[in-house]
Amino acid sequence: VSLGRYLYSLGIRQVGRRMADKLAESYGTVDAFLQDLQQGSDAPSDGETVTVWEDRLGDVHGVGPTVLKSLQTFAQTKESVEAARALAQVVPVHPVATSIAQNDGEPPISTGNDAIDADSTAGASVVPATKIWAGRRVVFTGKLPVKRSQAENFAKEVLGASSTSSQVTKATNLLVYLDEGSKKFMKASELGIDLMQAEEFLELMDSYGGTE
């Protein structure tokens, strides 16, 4: 998968598809992102310290204080950091071809990802040690190219979602949608719920071998 899709799949609040692509262009490789994620995790646990993110992303157009704080909040959650690492270990994350990523002379924290190629995971079902949607309440809307039951089982059993539902409420954490004009999409947008396109969800399934 591309680095942008990898970042998007982590479910970081305020990091939608376009923002994930911006971050990917800045980092270039998954190892560079994980290095900052580890530094953020090691920072004081006040949820406000964003220096590590400002150093790399402060001048990126569209990346404001809200996104930086969301990245730090994500980094301060041990389960989220473990999930990000686990996913990078089992799913090939391709670097951005033209990157402005810099390491300031520091060697990146290696995930071993470079040793994994697409053929090594083809036809295999991949289940990470830590599940990236652990505890999230997910709603699907629209007619998916796969059976709804298959999508819901994948979300719970492989990604770790705590539940799936047909209704969007304040307790919903993520909406997987097909149509931006649907009532569920509009309600989720109003409530500030994280959104994922159905196409992106299917690509995530495919990266785990879940659509075979």
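Each residue, glycine too, has its Cβ placed from N, Cα and C.
As recorded in TrEMBL, the features of this protein are as follows:
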- 6-34: domain 'DisA/LigA helix-hairpin-helix motif' (DOMAIN)
- 132-204: domain 'BRCT' (DOMAIN)
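Broken down with DSSP, the domain 'BRCT' (132-204) shows 27 helix, 15 strand, 31 coil.
Residues of the domain 'DisA/LigA helix-hairpin-helix motif' (6-34) grouped by DSSP class, helix first, strand second and coil last, total 20 helix, 0 strand, 9 coil.
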